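Q: Not my notes, these are from TrEMBL:
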ACT_SITE  HIS168  active site, tele-UMP-histidine intermediate
BINDING   30-33, ALA63, 79-80, ASN155, 161-163, GLN170, 316-317, 321-322, GLN328  UDP-alpha-D-glucose binding site
BINDING   GLU184, HIS283, HIS301, HIS303  Fe cation binding site
DOMAIN    9-178  domain 'Galactose-1-phosphate uridyl transferase N-terminal'
DOMAIN    185-351  domain 'Galactose-1-phosphate uridyl transferase C-terminal'
Amino acid sequence: MPGAGFVLREHQHIRYNPLRDDWVLVSAHRMKRPWQGQGEKPVQEDVPRYDPSNPLCPGATRANGKVNPEYESTFVFDNDFPALEPDAPEPSVGDHPLFRSASAQGVCKVMCFHPWSDMTLPLMALPEIRAVIDKWAELAVELGATYPWVQIFENKGAMMGCSNPHPHCQVWASNFLPNEARLEDRTQREHLQARGQPLLLEYGRLEAQRKERLVVENTDWLVVVPYWAVWPFQTLLLPRRHVTQLQDLSADERDSLASIMKRLLTKYDNLFEVSFPYSMGWHGAPTGSHLGEDCGHWLLHAHYYPPLLRSASVRKFMVGYEMLAQAQRDLTPEQAAQRLRSLPEEHYRTRAQAAQ
């Protein structure tokens, strides 16, 4: 029970994140302070449908001289400037425990969602989103046959470092488990051993019952602003069934995933009536050499990390205390969820077109 006088929406407190085994400081009273800091440039809304100079467009010539096919759905190609390559030489292990190195090999791919540059996932039709999901699962199988970790991620918007205004994501596969994967593997394994059920499966069921941080849900999926959220409108996408990898989703689950993604991302765009920037990515059970292991402690899930806080031009910065001490947020997760939950599920651009 909260202490006398404590009001969740007004008083600072810290919250535990069992998935990362760390804490976040919630300072709800700070939302009352005036903002005189940096404002961002308006998000570009007038993206041309086709630009021959955009290297992601059908028929465009990329930096390495290769020409894209005239694709009509998804299109996958090897990243022209990969962070990981499959034949990188092995480093020496180092001559001291404080100077260690290890092998880093892999592949990096780019996946276009749609041939039109002015299209984004919330504006795409459900069958088009389903095609994206199917391609994700296909790549997870293909790359996961060799590599222990396949990271699918989307950086949407220039604010998140996206250099090309075209609907796309990246897929990096590595011969090692990255930091976030190793951390989630440990915390989920420890939770299963301690409580007898997968961490995120138990958490999702509790959130579905409590409703206070729920944003959208359907038969197979739910989206919440997690209790331990760091970013203002951060969300966590969870399946209701115990499934550990994208490729294990049934046809119905893939259809309902397309639906709930469209609903969530439409709400994001409607929040400030702007093409909402974010970084998102899928986490699931390790693959490659781990395929024969029992990974029942895992639950497939997607993280969405959007930076916007007060408006389309005011973002949250991870600086100072966040870099040197621990994560901190102002808006409570419950307030963020309520705002997202109350938004319409018809896209603001569709409404504007209908009003003309």
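FYI, residue positions are counted from 1 along the chain as it appears here.
Using the three backbone atoms N, Cα and C, a Cβ is placed for every residue, glycine included.
Remember, TrEMBL labels are computer predictions, not curated facts.
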Q: By a simple count of other Cβ atoms within 10 Å, which of ARG30, HIS168, HIS283, LYS316, the recorded positions in the record, is least packed?
A: ARG30
Q: Over the domain 'Galactose-1-phosphate uridyl transferase N-terminal' (9-178), work out the mean pLDDT and round it to an integer.
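A: Across the domain 'Galactose-1-phosphate uridyl transferase N-terminal' (9-178), the average pLDDT comes out at 90.
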Q: Starting from each candidate's C-beta and looking 10 angstroms out, tell me which of the binding-site residues GLU184, GLU322 has the most other C-beta atoms.
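A: Checking each of GLU184, GLU322, the winner is GLU184.
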Q: Could you state the CA-to-CA distance between the residue listed as 'active site, tele-UMP-histidine intermediate' and HIS283 (Fe cation binding site) to the nearest Å?
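A: That separation, Cα to Cα, works out to 18 Å.
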Q: Between the Cα atoms of LYS316 (UDP-alpha-D-glucose binding site) and HIS301 (Fe cation binding site), find the distance and write it as a whole number of Å.
A: 24
Q: In whole Å, how far is HIS283 (Fe cation binding site) from ASP80 (UDP-alpha-D-glucose binding site) when you measure between their Cα atoms?
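A: The Cα atom of ASP80 (UDP-alpha-D-glucose binding site) is 25 Å away from the Cα atom of HIS283 (Fe cation binding site).
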Q: Closest to ARG30 (UDP-alpha-D-glucose binding site): which of the binding-site residues GLU184, HIS283, HIS301, HIS303, going by Cα position?
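A: Minimum Cα distance from ARG30 (UDP-alpha-D-glucose binding site) across GLU184, HIS283, HIS301, HIS303 lands on HIS303.
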Q: What's the number of neighbouring CB atoms sitting within 10 A of the CB on HIS301 (Fe cation binding site)?
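A: Summing over all protein chains shown, HIS301 (Fe cation binding site) has 20 other Cβ atoms within 10 Å.
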Q: Hey, what's the Cβ neighbour count for HIS303 (Fe cation binding site) at 10 Å?
A: 19
Q: Other than GLU184, HIS283, HIS301, HIS303 themselves, what residues in this chain have Cβ atoms within 8 Å of the centroid of the Fe cation site's Cβ atoms?
A: LEU19, GLU180, LEU200, LEU236, GLY281, TRP282, GLY284, ALA302
Q: Roughly how many Å lie between the Cα atoms of HIS303 (Fe cation binding site) and GLU322 (UDP-alpha-D-glucose binding site), rounded to a whole value?
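A: Given the Cα positions, HIS303 (Fe cation binding site) is 19 Å from GLU322 (UDP-alpha-D-glucose binding site).
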